[in-house]
Amino acid sequence: MKIPVNTASHQYEVTIGNEILTNAIESYGNLIKKADKLFVLTDKNVWDNQGTYFKEHFPYPFEVFVMPPGEECKSFDNFQGAHTFLIEKKCTRKSILFAFGGGAVGDLTGFVAATYMRGIPFIQIPTTILAHDSAVGGKTAINHPLGKNLVGAFYQPEGVIYDIHFLQSLNAREVRSGMAEVVKHAMISDEKWLTELMASPDFYKMGQEKLAHHLKLGIEVKAKIVAEDETEQSVRKYLNFGHTYGHALEAAAGYGGLAHGEAVMIGMVYALLLSERYGHISRSFTKTFLHYAYHTGYPVEQLAKYPFETLQPFIVKDKKAEYGELKFVLLSKIGKPFMQTIDLTECRKVDSEFRALIMEVCK
Ligand SMILES: NC(=O)c1ccc[n+]([C@@H]2O[C@H](COP(=O)([O-])OP(=O)(O)OC[C@H]3O[C@@H](n4cnc5c(N)ncnc54)[C@H](O)[C@@H]3O)[C@@H](O)[C@H]2O)c1
Ligand SMILES: O=C(O)C(=O)C[C@@H](O)[C@H](O)[C@H](O)COP(=O)(O)O
Ligand SMILES: [Zn+2]
């Protein structure tokens with residue numbers, strides 16, 4: 001199945017299905033045959049788990065660069081290491097990069113592609129549930145010690161090949177983390193879909209068909225939004241629901257201490273508490289959602305390790321802030337996001353409310 005992504009700068013397709021790698025790569029034959037070299041950037045876990053399948057099904061010769069796993073690969077050091085590898089291996093403007101991995105590999109490789117010799121083509125081959133989000137839409141970035149994704153570029157891939165065969169080797173934690181972005185896509189677009197997701201909390205037991213259905217819906221939500229606003233001037237901000245608080249948590253936890261989706265899930269509960277004040281979200285819904293998050297296994301209780309003082313320096317550096325004002329994505333109701341200015345005093349107050357609610361609900 002193909003889902004078109006038509007952004008202002010670039011048009012491409014997400015091809016999604018099981019065991020599609022060979023055919024999907026061959027469909028880029030015209031582009032690939034004109035390339036002088038192909039480079040696959042991946043991480044150690046992905047290569048250990050899925051390297052054999054990849055080598056057996058990738059129909060052209062390639063060089064591979066295996067990076068440290070997960071969030072570690074989004075460092076300045078690894079960014080430089082990837083460039084060094086490409087220079088030494090004589091990568092040129094006629095070469096193509098393939099991002100083979102989760103969101104971390106995708107974000108890093110996209111940024112390398114955007115910057116190597118001022119930009120060379122790349123193709124996303126996502127391997128996580130979460131990457132139904134990260135591989136689409138052209139946000140690429142690395143982390144800075146002072147804040148998440150603070151250095152990057154909008155740079156679209158030539159295409160996205162989503163072979164769901166790769167999802168088989170994900171552990172329960174990564175399945176859960178990835179489903180948080182599916183839940184986010186439902187939160188900002190469709191109450192019925194969110195209700196359906198919340199009714200089946202055992203993600204790990206979800207059949208492949210059902211999972212592919214949710215991933216397709218998520219990709220469609222994202223593709224529609226980035227088609228309207230590629231560079232986050234307006235509606236793309238809604239894709240950041242739960243991320244102001246979530247990114248602060250990830251940074252406070254030292255990038256990798258909490259998985260992205262875990263942090264976003266906690267951030268979404270915080271955004272619901274704020275939405276009670278400015279929208280029509282009820283306390284009863286926030287409690288139900290927090291209960292769902294906790295019992296689905298998101299580490300909500302770990303918030304206790306990160307007092308507000310440790311989050312604040314990162315919250316104030318959120319990229320959506322304008323003229324010194326913090327801008328949160330809130331919901332007027334499920335499926336209806338809007339932007340709201342919130343000052344730090346209110347942020348702190350709601351943070352305390354959140355911690356008290358966790359004590360009440362998560363037992
Ligand atoms: N660009 C965007 O629009 C966007 C959107 C959402 C998230 N992100 C970014 O994506 C990153 C999170 O992505 P993620 O959750 O995919 O994390 P990830 O890339 O860190 O992968 C999670 C873990 O699973 C391992 N892994 C990946 N695929 C595997 C597989 N098939 N089998 C076994 N292990 C596998 C990885 O090595 C890693 O240890 C964050 O850095 C986040 O900021 C970007
Ligand atoms: O695509 C977007 O736009 C998003 O905000 C998707 C998010 O899920 C993703 O985590 C993204 O990397 C966040 O971007 P940032 O600009 O807040 O760093
Ligand atoms: Zn995200």
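Backbone N, Cα and C atoms are what each Cβ position is placed from, and that goes for glycine too.
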Q. If TrEMBL says Glu181, His260 bind Zn(2+), which of His243, His280 does it name for the same site?
A. His243
**Q.** Helix, strand or coil at Lys148 (NAD(+) binding site) [DSSP, three-state]
**A.** strand
Q | Helix, strand and coil counts within the domain '3-dehydroquinate synthase C-terminal' (178-321) (DSSP) | A | 105 helix, 0 strand, 39 coil
**Q.** Counts of helix, strand and coil residues, the domain '3-dehydroquinate synthase N-terminal' (65-176), according to DSSP
**A.** 49 helix, 33 strand, 30 coil
(Q) Taking ligand 2 as the reference and 6 angstroms as the Cβ limit (strictly under), which binding-site residues among Gly103, Val105, Asp107, Thr128, His243 are close? (A) His243
Q. Gly103, Asp107, His243, His260: which of these binding-site residues put a Cβ within less than 6 Å of any ligand 1 atom?
A. Gly103, Asp107, His260
Q. On the Cα atoms of Gly103, Ala104, Val105, Gly106, Asp107, Thr127, Thr128, Lys139, Lys148, which are listed as binding NAD(+), what is the maximum pairwise distance in Å?
A. 22
Q | Candidates Glu181, His243, His260 (binding-site residues) - the one closest to Gly103 (NAD(+) binding site) by CA | A | His260
